[in-house]
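K.L.:
What follows is a structure written as structure tokens; I'll ask about it next.
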Amino acid sequence: MNKRLITFLSVCLLLSGTASAELNNPGGNGGVQSLRGATELDQTRPAEALKKYPREQVLTSEYVYQPPLVPHNIRGYEVSLNANKCLSCHSWKNAKEMGATKISVTHYVNREDAVLADVSPRRYFCLQCHVPQANAKPLVENVFRPVESLR
Ligand code: HEC
Ligand code: HEC
């Protein structure tokens, strides 16, 4: 057999192999796994159980200037163009009455370092920085250690 014919035949073999794999498992995940497990694309996995956010959990700071973790549930709290539920308790106007911590003055500073009369746009979407801490098992090991002064 000449070289060309051999190449041609092996390409045919390769192509028919791929085609049959696709026929056996159309829309499959191609063996890709994630830390949350593997799901074929044509199957719907049951949703994970909702996580708990224990109120008594101690949420300490691990580094200086860390946005404090949210020590309460935030399910259903809207933060959008039209409404900011967080500010209904945490704004300077409402904090006292609601018994919540006031947002600090840094939340009023814009990127030109001017102090505004209302929350700065760059601090409007609270959940960009503040997240509640669920009692969930970490998916990967975390070896972060706080700085000496916070230990
Ligand atoms: C119904 C009122 C209320 C709403 C709405 C609310 N909070 Fe709170 N928040 C509190 C109170 C009260 C505390 C004080 C701790 C506690 O009692 O849980 C607190 C504590 C916090 C703290 C910790 C502050 C500190 O000094 O460590 C953060 C951060 C926080 N909330 C963020 C948020 C974010 C982000 C939202 C919106 C997604 C939000 N909160 C919505 C009442 C509220
Ligand atoms: C860009 C990140 C960022 C965003 C967005 C942000 N924060 Fe913060 N927040 C911080 C950091 C950092 C701190 C701690 C240092 C400080 O006070 O500035 C903090 C502190 C706080 C504290 C504690 C204040 C204190 O005196 O101890 C509260 C309460 C809080 N934020 C609520 C909010 C709320 C409510 C929103 C949305 C309206 C918000 N934050 C948006 C970064 C952010």
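Cβ atoms are placed via backbone N, Cα and C, with glycine included.
Annotations per TrEMBL:
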type	residues	note
SIGNAL	1-21	signal peptide
BINDING	His72, Cys86, Cys89, His90	heme c 1 binding site
BINDING	His107, Cys126, Cys129, His130	heme c 2 binding site
K.L.:
In which DSSP state, out of helix, strand and coil, do we find Cys129 (heme c 2 binding site)?
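P.N.:
Once the DSSP labels are grouped into three classes, Cys129 (heme c 2 binding site) ends up as coil.
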K.L.:
Spatially, and counting Cα to Cα, which of the binding-site residues is closest to Cys86 (heme c 1 binding site)? Options: His107, Cys126, Cys129, His130.
P.N.:
Cys126
K.L.:
What's the number of neighbouring CB atoms sitting within 10 A of the CB on Cys89 (heme c 1 binding site)?
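P.N.:
Total other Cβ atoms inside 10 Å, all chains included: 16.
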K.L.:
Cα-Cα, whole number of Å: His90 (heme c 1 binding site) versus His107 (heme c 2 binding site)?
P.N.:
11
K.L.:
Determine, using Cα-Cα distances only, which of these binding-site residues is closest to His72 (heme c 1 binding site): Cys126, Cys129, His130.
P.N.:
His130
K.L.:
Whose Cβ, among the binding-site residues His72, His107, His130, has more other Cβ atoms within 10 Å than any of the rest?
P.N.:
His107
K.L.:
Please determine which of the binding-site residues listed here (Cys86, Cys126, Cys129) has the lowest count of neighbouring CB atoms within 10 Å.
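P.N.:
If we count Cβ atoms within 10 Å for the binding-site residues Cys86, Cys126, Cys129, the smallest count is at Cys129.
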K.L.:
Work out how many Å separate Cys126 (heme c 2 binding site) and Cys89 (heme c 1 binding site) at their Cα atoms, rounded off.
P.N.:
13
K.L.:
At the level of the C-alpha atoms, what whole-angstrom distance separates His107 (heme c 2 binding site) and Cys89 (heme c 1 binding site)?
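P.N.:
Cα of His107 (heme c 2 binding site) to Cα of Cys89 (heme c 1 binding site) measures 15 Å after rounding.
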